[in-house]
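Quick look at what Swiss-Prot lists:
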BINDING   Gly38, His39, Asn40, Gly41, Ile42, Gly43, Lys44, Thr45  ATP binding site
DOMAIN    1-208  domain 'ABC transporter'
Amino acid sequence: MHLNQLVISHLACERGENRLFEGCHFSVSSGEWVQIEGHNGIGKTSLLRILAGLALPVAGEVLWNNLSIHKQRDEYYAELFYLGHYAGIKPELSAWENLRFYQKMQGLSLDDEALWFALDKVSLVERADLPCSYLSAGQQRRVALAKLWLTQQKLWILDEPFTAIDNHGVGDLIMHIERHCSLGGMAIFTSHQTVESNKVRTLSLDQFKL
């Protein structure tokens, strides 16, 4: 099994003229998952966007297998699943059609059983045929979350993945992340909830606040 590593090297992040954090450094290797903690406004979402290559730090760099993510964008994005605050789905398509489109875009097997299983895990089977524009914001986010049961990407970066699901769904997702990491995957996430798992490592951004 090929081992991957994401290294966060002395990152600094600003919002406007306000420096949120600096000197942020840690690493995540295959088999590990890390919860990013910190008080509101410290820059947790900003950090995840930097790790996903969607924003630039004012200092420092992010390395994937010893090379800057910006020097190997195609290779990095091929291994990255990012869930931000926006669902990133097509509102004119149904939940089922969105997941089928995702399977095609990722070159996955067009497996109906896997697709229905993913919808079941986020409690959307009964709404699978509705255009996503008819779904609530929380339900649309669950459509995006269902992709986690389809993706083969190794690195998951998830911003508040538990907000749109009930307690049973939270338990299912935690077990799914644990299984993903046990098979050589890795995950970095934020959450206001306490994650009941002895396998998760926590990192507080507060320690990097000026």
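Note: Cβ is positioned from N, Cα and C throughout, glycine not excepted.
Quick caveat, the model's predicted, so the values are computed rather than measured.
Structure coloured by features recorded in Swiss-Prot.
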{"residue": "Gly38", "record": "ATP binding site", "Cβ neighbours (10 Å)": "19"}
{"residue": "His39", "record": "ATP binding site", "Cβ neighbours (10 Å)": "10"}
{"residue": "Asn40", "record": "ATP binding site", "Cβ neighbours (10 Å)": "6"}
{"residue": "Gly41", "record": "ATP binding site", "Cβ neighbours (10 Å)": "11"}
{"residue": "Ile42", "record": "ATP binding site", "Cβ neighbours (10 Å)": "19"}
{"residue": "Gly43", "record": "ATP binding site", "Cβ neighbours (10 Å)": "24"}
{"residue": "Lys44", "record": "ATP binding site", "Cβ neighbours (10 Å)": "23"}
{"residue": "Thr45", "record": "ATP binding site", "Cβ neighbours (10 Å)": "15"}
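DSSP assigns Gly41 (ATP binding site) to coil in the three-state reduction, outside any helix or strand.
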